[in-house]
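Visitor: Questions regarding the structure given below will be posed in turn.
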Amino acid sequence: MQKSVRYNEGHALYLAFLARKEGTKRGFLSKKTAEASRWHEKWFALYQNVLFYFEGEQSCRPAGMYLLEGCSCERTPAPPRAGAGQGGVRDALDKQYYFTVLFGHEGQKPLELRCEEEQDGKEWMEAIHQASYADILIEREVLMQKYIHLVQIVETEKIAANQLRHQLEDQDTEIERLKSEIIALNKTKERMRPYQSNQEDEDPDIKKIKKVQSFMRGWLCRRKWKTIVQDYICSPHAESMRKRNQIVFTMVEAESEYVHQLYILVNGFLRPLRMAASSKKPPISHDDVSSIFLNSETIMFLHEIFHQGLKARIANWPTLILADLFDILLPMLNIYQEFVRNHQYSLQVLANCKQNRDFDKLLKQYEANPACEGRMLETFLTYPMFQIPRYIITLHELLAHTPHEHVERKSLEFAKSKLEELSRVMHDEVSDTENIRKNLAIERMIVEGCDILLDTSQTFIRQGSLIQVPSVERGKLSKVRLGSLSLKKEGERQCFLFTKHFLICTRSSGGKLHLLKTGGVLSLIDCTLIEEPDASDDDSKGSGQVFGHLDFKIVVEPPDAAAFTVVLLAPSRQEKAAWMSDISQCVDNIRCNGLMTIVFEENSKVTVPHMIKSDARLHKDDTDICFSKTLNSCKVPQIRYASVERLLERLTDLRFLSIDFLNTFLHTYRIFTTAAVVLGKLSDIYKRPFTSIPVRSLELFFATSQNNRGEHLVDGKSPRLCRKFSSPPPLAVSRTSSPVRARKLSLTSPLNSKIGALDLTTSSSPTTTTQSPAASPPPHTGQIPLDLSRGLSSPEQSPGTVEENVDNPRVDLCNKLKRSIQKAVLESAPADRAGVESSPAADTTELSPCRSPSTPRHLRYRQPGGQTADNAHCSVSPASAFAIATAAAGHGSPPGFNNTERTCDKEFIIRRTATNRVLNVLRHWVSKHAQDFELNNELKMNVLNLLEEVLRDPDLLPQERKAAANILRALSQDDQDDIHLKLEDIIQMTDCMKAECFESLSAMELAEQITLLDHVIFRSIPYEEFLGQGWMKLDKNERTPYIMKTSQHFNDMSNLVASQIMNYADVSSRANAIEKWVAVADICRCLHNYNGVLEITSALNRSAIYRLKKTWAKVSKQTKALMDKLQKTVSSEGRFKNLRETLKNCNPPAVPYLGMYLTDLAFIEEGTPNFTEEGLVNFSKMRMISHIIREIRQFQQTSYRIDHQPKVAQYLLDKDLIIDEDTLYELSLKIEPRLPA
């Protein structure tokens, strides 16, 4: 039998004695017994963290005691009472206060207590809550930290006091010396002073003259002193000091806000999640909590101390000494470094934890706290990443207004240099985790949730509004008109493109997103993209005329469900081209990489993942490149820093092309290079692919077994694989060895019942078939001859040749080759002909399961049905042709292939792949950045010349020819933006119009035309003006004319609103004008024109109008409440957090406030340089800039459908109605003079 636990009973009785006399809380409570479930009244005494209970108040010996360490206390409802005849007793019991003490150990029964008064119960609960030794330790630690800080401050003050004492002593000595000098001078003057007559003998006129002179001297001195003071006030030094003080005040406000954000992070998330991790069924482990919130609490304590120091410095204003505060902050930077290095892992752990529904539900409860103001946890985790760059900007501004001889200058410069070192790391981490935070933000907007966005390898590409066209059976489009309002309203979809999936959502009135029940999440690997449905689908022929060639089709063939079609309508051709480029590139990244993997796995000892891993240039840092831990959409580490040459090399690396790298490069290339250099690199890749591609890439591109013997003796890690192409193949290809040979392949259908694949055999004629020994086709087999003369360059091989070498081990390679070609060209066959020539039993649904998931079906091209079997050729896509050629060159050649022919095969692969890459990059460039070619005619002509040269290539594949022709047509056609209204057109139309008065215009008319003007000006800003912070330079009008025009228009509109209000002489008219303008601002909000809202609210907040108390007294309460709501929406608080959230929850068209994005760009530009000290491009910074430009262009590309009204526009653009700021204030003083002090 186990012995009972022994304890020091004598000491326990002594503690009970102390509890009866000095206990924290004492009194009678009713205790529920565990055996009979009855209540007994006991006298309880709480001493520290031990609860004693006695039989009565006079009892000396306790009846029992409870250890309260690690327990919790909570109120419980009154237990139900049985019995109908005891109503009075039950009511009395229900009025009592019940609470329970819960112990952490499982199986430990809780202590149930009750008391008669609620106040007494609350006091008992509060006392039990505070009876924790662990909490006292935490408080003690906090106090110790504060004590250490105060000791440091006291020591600093002692040193300062000692210095002041020495200064006072020196000054006393100086005063004594000066006094002695004065005495000596006075004695000298007395000796030199001549005899003076008595003052009484002085003439009265002389006395008056002296008084006047004395008065004049005093007046001149005061005038001179006033001039000196005014000169100093207007001097650059005083202006600098004023700006410096303003910077410090702003810094204190920002620090206060930041400390509040950290407080919410710690108290609203960290501590509650720690408690949840200690529960019986924890939704999250303690390790995960520590990983997510590493050093968060310490950072909060650090900044609380820093904030208190700032406030103490402000109390000593106008003397502001800040350098010692930063000296306190600098030693703590290692804490920040740990937080920064953990940031990406933190967000990845958070994304993984969100897959747990219990944790996700709990997190949503925490985020619903009003203190969070709708912000998510990952937002709070990112705030510390922005704080150090904000300090750097503040120090830059302080140093700009701090004289060189200032006592603080060296200290501030040292602090800035230390912070900049950490800031570079922070910007890199923020850039690397931008994608995870974007995915989590979108996932939180979707009401149903979306688990695929919790995959941290998923990369966001683009979003926008598209119209989903309803369809009926067999994919026939409903007869709807493009201008149908019902179609736009009911069919509008918010679409999100990721590297692996395509999301289609509807947006509710509250701004939340809902995934479509059918086809809401499309896996791109199951999708076929048809860019011109009228050209590829007979059922939808003529839809191009109905929809103006703005529609495109996505055919989805999921492996476990029936196929279906999604038809989407873009708002413009340029928008459609951009969507097409991105979707096709994402599908390429998935399928072509998978296709290359299959081909190399079947025909080589080196697979594509190993091929990429074995290339150290793709993942190991070097003198001219540095990588981050994050992988891009092609599973290759993202570039953090790189030279221009390495960036161009990555752009033209034929093994892969990451869509996120391509978009970032095209957005920001003009920061570190020119369009001519980029085009020159593309031209070199096309004309001289072997000399333009690094030798190492070529070696790994063809890293396969060299011969039959090598296949059995050399493994994938042999150095021979790396030495195979130590020098590039010859560039010149003679016509005799040209890969244009009469060679055909027969595609056999239907499916073989055993292997589930189509039999593809080589033959010298369409009627001669060489059967595979592994599987022979059924008797009723239709064959589709495919002309692959441009895809393969091996000489013809007769059936006899294969039969003679049946016993040769190379037959296995040939069989692998045939299987690879089957997978590569399966979708390249004309679908209509395959259906005609195949067996009736083999329909499309039977063919779907055997399609290789890595086959690029989105580039499928169908020949017209009128062609015969003799002259019909398969139009192989570039990716398919590349796979076929790679499969052909990837293994040892059959007997009869000489070295020259093998070289031609490999050269053909490189040329076709290089052509495909050049066309792909040009397609993205032309479709997404048409302004580059509109503003640079020389660049446009060079691209046209290159495309014409590509089209003259006799070996060009049909699909490549079509792609080049499409790019050529896009460049040659007139500017598509001509259909849009421009500001110059509006001004020209309003020149001869008669001016309208404010009273004759309705609020709706004003709001619509303000929105139209704001959007026209905002849309006209070319993206290159957002680069390089040109709007802050001295030559800003030349470098960023459109941004300055937008800023000027904002100021003119704000001045117009203020001027119109001040034009009224009586109070009621001014109040009515204010109410009308507030109504205009509210309509602008409904139209998603937040720039217009800010134009009007900023005008109403001007001092000239805000001070008119009598006028505002006449304004209705409803208008004032609406004004407050609008101001809160566009407030700059928290980096425009409310405006950002509002923009996130609205569909374009919308007009954001441009200053918000310019602030973000300035923050990035000033935080980190474009180039490192080694001269490498800071590509992490380029990625952050690209994300902001992408968001701006999202709002630029969707236009409003508002009719232009010249009369209203003429009023809004009339400069004669605008009164300058000084005149406005003078007019305001005349209307309502200042009250006497």
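Every residue gets a Cβ built from N, Cα and C, even glycine.
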Visitor: Based on the annotations in Swiss-Prot, which residue of Ser278, Ser471, Ser746, Ser1116 is described as phosphoserine?
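Guide: Comparing Ser278, Ser471, Ser746, Ser1116 with the record, Swiss-Prot tags Ser746 as phosphoserine.
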Visitor: Give the range, chosen from 155-193, 506-544, 1169-1207, that Swiss-Prot lists as coiled coil.
Guide: 155-193
Visitor: Can you tell me which of these residues Swiss-Prot lists as phosphoserine: Ser484, Ser737, Ser838?
Guide: Ser737
Visitor: So which range, 681-689, 744-752, 924-932, 1068-1076, gets flagged region 'Regulates proteasomal degradation' in Swiss-Prot?
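Guide: The range carrying the region 'Regulates proteasomal degradation' annotation in Swiss-Prot is 744-752.
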Visitor: Tell me the Cβ neighbour count for Ser972 (phosphoserine), meaning other Cβ atoms within 10 Å of its Cβ, over all protein chains shown.
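Guide: Cβ-Cβ neighbours of Ser972 (phosphoserine) within 10 Å number 10.
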Visitor: Please average pLDDT over the domain 'N-terminal Ras-GEF' (635-756) for the predicted structure.
Guide: 62
Visitor: What does DSSP give as the helix, strand and coil breakdown of the domain 'PH 1' (22-133)?
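Guide: Result for the domain 'PH 1' (22-133), in helix, strand, coil order: 23 helix, 41 strand, 48 coil.
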Visitor: For the domain 'IQ' (205-234), jot down how many residues DSSP puts in helix, in strand and in coil.
Guide: 29 helix, 0 strand, 1 coil
